[in-house]
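What Swiss-Prot lists as active site, nucleophile is T243, and the listing cites similarity to another entry. Look at Swiss-Prot and you will find R271, V272, G273, D274, T294, G295, D296, G297 tagged as substrate binding site, backed by similarity to another entry. The disulfide bond annotation in Swiss-Prot covers C97-C102, C196-C212, C354-C381 and rests on similarity to another entry. Residues or ranges marked as N-linked glycosylation site by Swiss-Prot: N49, N64. Annotation comment: Swiss-Prot describes 1-23 as signal peptide.
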Amino acid sequence: MRRHLRASLWILCLATMAFSILAAVNTSPKPTLTSAFSGKAGTTAVKANKTTGELLPMVINTWNFTAANVLAWRILKQSKGGLRQTRNAVVEGCSKCEKLQCDRTVGYGGSPDELGETTLDAMVMDGATMDVGAVAGLRRIKDAIKVARHVLEHTQHTMLVGDAASAFANAMGFESESLVTPESKDMWLQWTAENCQPNFWKNVHPDPKVSCGPYKPRPTPLTRWKEDRARNEYEIGRKNHDTIGMIAIDVESNIHAGTSTNGARHKIPGRVGDSPIPGAGAYADNEVGAAVATGDGDVMMRFLPSLLAVETMRAGKPPAEAAQEGLRRILKHHKDFMGALIAVDRLGNYGAACYGLAEFPFMVSSPAGADGPTRLETVKCIGGQDKVNIVAL
């Protein structure tokens, strides 16, 4: 009897010790692991003990538009953690690029259309409310991104276009002025002197490859339409087809995204690209993250790559894979296009992907910078210098 009692007490003692050990393991602190994307396609650097507070707040934008990023970061830091400043940061950052005429592809005095006029497209999206304000084909108003903000804050609409958008801007206190500069006028005169080459016309006469318009539709058998879809006649590049896309996130993962551009050089009057289109030029959702795009807007807007990138992150993929996915859908149909995509999740992890260039530069400001908050990063492009196999989706 005593032997059985002694054995029972020994078993009870062992069980108590085991329970104590398990409790200690389960309650001990664990290191946090967060992936910080290095900017190289398909690679990540996993850094231990990274917390949201160290990655956020954040400002990230397309291309090496440093001054725009620095200003946006300064504005974001006006409040602790960037709270209530993400909209101001995006609007003022993009506005800085408009004033500086970044690459002559943002703001006034760049990318004249067939009539020699510069028109502007811009958008602001709020990731908390999913509200959007945008303008397209804006004429005679320099502050495109600020007019887009007024559409967001003072109307129930998403987008205003053309002369009506300009009239709205006037009513909101913006002054009308010419967007043509001596440089943009010379650019247009040289283009017309070279028989309006290149241009965006097809299936018209006279032959748009050798002559200016006016053009008339050319009767074309249906078997010829696919042949004439080729876009190789007009070389798309960053100097004639560019956008600033910017994302700002505060420490509570409140997100704004914005874009601004003067569109494609020598475009047909009335053309609107991807920049002011929600889901194409930019998309933001506080629950997931945001994405911004740049490149051949006529192609990219058909596939809503920014929306696709955000939804890919929603499905659990990291930002770098989400950015690549946004481009793969396009490459299934268009192997001759140029474009880039930046994706950021709500915690501040980010990635980028590009196609048709050697590499794509972008600006990042966040507390995670080793040599200061603001840095230039690059990503090597698929289809830039080396041939790659495109996975059909």
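Positions of Cβ are set from backbone N, Cα and C atoms, glycine also.
Worth saying up front: this structure is predicted, and the values here are computed from it rather than measured.
Distribution of Swiss-Prot features across the structure.
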residue	record	Cβ neighbours (10 Å)
N64	N-linked glycosylation site	16
C97	disulfide bond	28
C102	disulfide bond	26
T243	active site, nucleophile	36
R271	substrate binding site	18
V272	substrate binding site	21
D274	substrate binding site	31
T294	substrate binding site	29
G297	substrate binding site	29
C381	disulfide bond	23
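If you draw a 10 Å sphere around the CB of G273 (substrate binding site), it holds 25 other CB atoms from the protein chains shown.
Ranking the disulfide-bonded residues C196, C212, C354 by how many Cβ atoms sit within 10 Å of each one's Cβ puts C354 at the top. When the Cα atoms are compared, V272 (substrate binding site) and C196 (disulfide bond) turn out to be 20 Å apart.
Pairwise Cα distances among R271, V272, G273, D274, T294, G295, D296, G297, the recorded substrate-binding residues, top out at 16 Å. Of the listed binding-site residues, namely G295, D296, the sparsest Cβ surroundings within 10 Å are found at D296. Here the candidates are the recorded positions N64, T243, C354, and by Cα distance the one nearest T294 (substrate binding site) turns out to be T243. The recorded positions recorded for this entry are C102, T243, R271, and the Cα of R271 lies nearest to that of C212 (disulfide bond). Between the CA atoms of C102 (disulfide bond) and G295 (substrate binding site) there is a gap of 15 Å. Across the structure, C381 (disulfide bond) and G297 (substrate binding site) are spaced 18 Å apart at their Cα atoms.
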